[in-house]
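A.B. asks: Please see the structure below; I have some questions.
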Ligand code: GDP
Ligand code: IMO
Ligand code: MG
């Protein structure tokens, strides 16, 4: 009998912060392994359970459920100093990592000078800046692709020499960019080097072999995406994107798993939409409704504390995301934020500059005008519900409409930040 299992992929379908961390934590009991495949400390994944709240940045969200292996894959970019801080805090709160967390030797290291480069490039762009998280993500991936990167496996021999060579190269680039502020570099480097020493206590692995072996033994692997489909470097709202492939195909590259090994693709979406940083956002609301969504949804960045831009759910954008990722089931988050709304809108088409309309996601979304369909609000507190049989009719209709428009079943509904506030349909 063939016992080879598949990897399931969970990812965000909008511009990030859909609630991926919460859902990974909810699903982890069904899995043996949770693996991150792209992104780095630009991510902020929030989990709440038993009255505690945690925000994870580089560490997979399966870390709270004992007995699971968590993997940081080759596609991730890792900042040793931030990783050490995150790991020590988790250990202090009673969640030991050393035996549970494996790190790919092929993951690239974010150096302190990558962070300076991130700031320097942003400064140079002026009002066209991306609004990055400032964590050095773009410059680290740039070094990877231009074959100048430093990898986790490099810390095992001759590291100082390699580090200095990379740093010199960065300093030359910073000089060209006119960057003069090095006031924090020395202090950052000191902690960073401590972070390198700290990394050595973890199992540094070849994750593709490890996952292959696990699949052959029938183990179940969940891949946790970071950011969201609209921040994908190829398919997102370029150039206002992150520097990795956030879509499901990224899991193959970022872990070294063949495409025919992908099983379920869980697409996570909010019942409305948010975005942090610059770039187009067709359904953004600049009025009281946008403010209400931000206040009720506590829409402030988990990493930078920045206000998240808020707007109505965009089904043209989501249909595109469902297509790109091959989503097999949808997970609907944060409908409870809409509990007090009299009416709710969903964008079901775009009007283009030339007056024509489309439901296909266009090359550019800067000048599109959303066409909305309006729904009755359910005016019910959903946060305490424990079964779909308790859903008010208006909410049931809204879910049915979303699922129908996106031609994909909605299988999980999240009605609050806590692990317990989750209804599996
Ligand atoms: P991630 O980056 O996709 O993991 O999402 P974030 O953690 O950045 O942002 C999601 C926010 O929404 C967090 O503050 C969560 O605690 C919160 N959250 C998740 N699911 C729900 C939900 O169903 N309802 C409400 N009200 N909050 C939620
Ligand atoms: P999670 O995993 C929301 C955004 C930044 C910026 C752009 C590029 O928590 O959903 P970067 O620092 O990656 O070069 O920034 O991408 N961004 C996110 N927005 N959630 C995230 O992660 C994000 N990670 C990056 O705001 O616009
Ligand atoms: Mg987040």
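Cβ from N, Cα, C; glycine included.
According to TrEMBL, the feature GTP binding site maps to 16-22, 44-46, 308, 334-336, 414-416. TrEMBL lists 17, 18, 19, 20, 42, 43, 44, 45, 133, 147, 227, 242, 306 with the feature IMP binding site. Feature annotation from TrEMBL assigns Mg(2+) binding site to 17, 44. As annotated by TrEMBL, active site, proton acceptor applies to 17. Residues annotated as active site, proton donor in TrEMBL: 45. What TrEMBL records for 144 is active site. TrEMBL lists 302, 303, 304, 305, 306, 307, 308 with the feature substrate binding site.
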A.B. asks: Cα distance, residue 17 (IMP binding site) to residue 335 (GTP binding site), nearest Å?
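C.D. replies: Between the Cα atoms of residue 335 (GTP binding site) and residue 17 (IMP binding site), the distance comes to 14 Å.
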A.B. asks: Which recorded positions out of 133, 144, 305, 308, 335 lie by ligand 1, going by a Cβ under 6 Å?
C.D. replies: none
A.B. asks: Residue 302 (substrate binding site) has how many other Cβ neighbours within 10 Å of its own Cβ?
C.D. replies: 19
A.B. asks: Please report how many Å separate the Cα atom of residue 302 (substrate binding site) from that of residue 44 (IMP binding site), as a whole number.
C.D. replies: 5
A.B. asks: For each of the binding-site residues (133, 227, 304, 335), count the other CB atoms lying within 10 A of its CB, then report the residue with the highest count.
C.D. replies: 227
A.B. asks: Please list residues from the chain of residue 303 (substrate binding site) whose Cβ is under 8 angstroms from its Cβ, counting only those at least six apart in sequence.
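C.D. replies: Listed in sequence order: 41, 42, 43, 44, 55, 57, 133, 135.
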A.B. asks: By a simple count of other Cβ atoms within 10 Å, which of 16, 19, 44, 305, the binding-site residues in the record, is least packed?
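C.D. replies: With the binding-site residues 16, 19, 44, 305, fewest surrounding Cβ atoms within 10 Å: 305.
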